[in-house]
Structure formats: C-alpha cells, structure tokens
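Asks: Input: one structure, supplied below.
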C-alpha cells in the first residue's frame, strides 16, 4: 500500500511539472463527459434536414420510446394496463387542447405534446362532449328556427345523440386505425417513412376535434352565412394540426401517394364538419300540416299555413 501511494504521488508530481512547463496545455477531467459529435450519420445531411428530423421526432423521441420500452407493462386483461392510457393531469390536457386550437407553424403536435405520454382521457371526453354539444345545439337550433309558428310543437329528438355518437366515435377511431395501417404498410416499402403509433394518431385526432365544441354552440345562431364561416374557420384550425403532424411522416414517399394521403385526411375531416352542420343544423324545414278549425255549423275550415 505504501508503495502504491508513493507511485501516485510520483505521477502527480510529473503531471504538475508538465503543466508548469506548458500552462496552455489542455487537461481532461474524468468527471467531465466527453462530447460526442451530433452528426454521426454515414451520409451527409441536406440543409434543413435536421429541422425536418426535429419535426419527425427522430432524436429525443427515439430515446423516449426506448425508455418507455424498458418499463414493465401490465397484462392487457388487468386494470393497470388500461390505467396507463389515462395517466395525465389537468395541465397536460389543457396544454394539448391549447396546442390543437392554436397550432404553431413548423411545429409537430406529436413531438411537442403527445409523444412523451399519449393518452385516451382527452380524446374520449372531447368526443363525448362534442356528441352532446352537437345534439343539444341541433335541437335548440331547430326550436329557434320554428319558434313563433302556431303549427309547430317542439319535440326533443333524442335520436340525434345516438347518431352523433356513432358518427364522431367512428371517425375518431376508424380513421386513425386506417391511417396507422397505411403508414405501417408504407413503412415496409419506403425506409424513410416514420410511423406513428396507433395511440398517438388517436390522440391527435381526438384533440383536433376540440375546436368544434365551441363552434357547435355558435351554430345555434340561425344565420347560414355565420354558420359556414364558423365551420370553415374551425376546419382550417383543426385541419392544419393534422397536416403539420402527418405531412413530415409521408413527404419522403412517392409524391402522388403523399399528396393523395394528405388530401384524403383533409377531405374526411371536412366531410365530418360539413356533414354535422348539414344534418343537425341545416336540415330542411318540415312541412307541417294545416290546422283544422271546427266551426259552429258542423263544417270545418282548413287554414293554409305559411
């Protein structure tokens, strides 16, 4: 031990003598991490490619996925397995709602808000709230349109709730399922395509529908021009979230396939908005039967309703 201690002191003396002879020499501490070049790819990256990789989430997000894969997942038949899909707090949900209502150009919604912890809590309750908002607002709109007509008797249409629920939940689940399968298929054909997980796609679609909740409330206004302006405005906001999220994932594919994919995404989103407006709010007015007014002499008089 004494010999080892004397050897260490001798090494320290030699190092001190060398540092005194050359004060500008570079020293390395074992506590300091060694910097690793960021770009270790085999090929040179094109200008602006790093920013595209940022949008796709191929750096930090990959580390997140690796760390997430190391976590032990409970069996799918247990309650703990499904509890992880709803493990979010109020601040996270509000932050994701704000991100869907105020999309930032050049920013990926999945990378900024979803990838760290995708959830089903927000999409489920957003869809449920939108279902009841559209059904109730549609009934109120029909009531205000025919208010004051003597031949009109208000009858609540509860079937609108089931129709709205079937339409919205089918869109929020079946369209992401089809898109996820398509991206997985194209990923096997084109290596540069980045596939999102099914849960991430459902999360994006669910939060993108939030803007239609206040829009459906404003659709009560019995002015077709106002309604169509609102639907176009909401469609631009929510559609831009989908475009900025999925375009970086398909842009390296065949040009026609990429444009067709984005066109289909926007078209289906527009059909949902326009279909809800046309069916629940702009339905044709009912032709009520003319009232029959009995007279004292036993005859009846049929009045013509306007």
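Any Cβ shown, glycine's included, is placed from N, Cα and C.
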Asks: Among the residue ranges 82-106, 257-281, I'd like the one that TrEMBL describes as transmembrane segment.
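Replies: Based on what TrEMBL states, transmembrane segment spans 257-281.
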Asks: When you scan the chain for residues with a C-beta under 8 Å from the transmembrane segment (228-250), skipping those not six or more beyond its ends, what do you find?
Replies: 52, 55-56, 99-101, 103, 105-110, 179, 183, 186, 193-196, 204-205, 207-209, 211-212, 215, 218-219, 257-258, 261-262, 265-266, 269-270, 273-274, 277
Asks: Sort out the residues at least 6 away from either end of the transmembrane segment (197-222), same chain, that have Cβ-Cβ distances under 8 Å to it, and list them.
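Replies: Residues 85, 96-97, 99-101, 109-110, 113-115, 118-120, 122-124, 126-127, 129-130, 133-134, 137, 140-141, 144-145, 168, 171-173, 175-177, 179-180, 230-231, 233-234, 237-239, 241-242, 245, 269, 273, 276-277, 280-281 contact the transmembrane segment (197-222) from elsewhere in the chain.
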Asks: Near the transmembrane segment (120-141), which same-chain residues lie under 8 Å Cβ to Cβ, leaving out any that are not at least 6 residues past its ends?
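Replies: Answer is 85-86, 88, 93, 96-97, 156-157, 160-161, 164-165, 168-169, 172, 199, 202-203, 205-207, 209-210, 212-213, 216-217, 219-220, 222, 276, 280-281.
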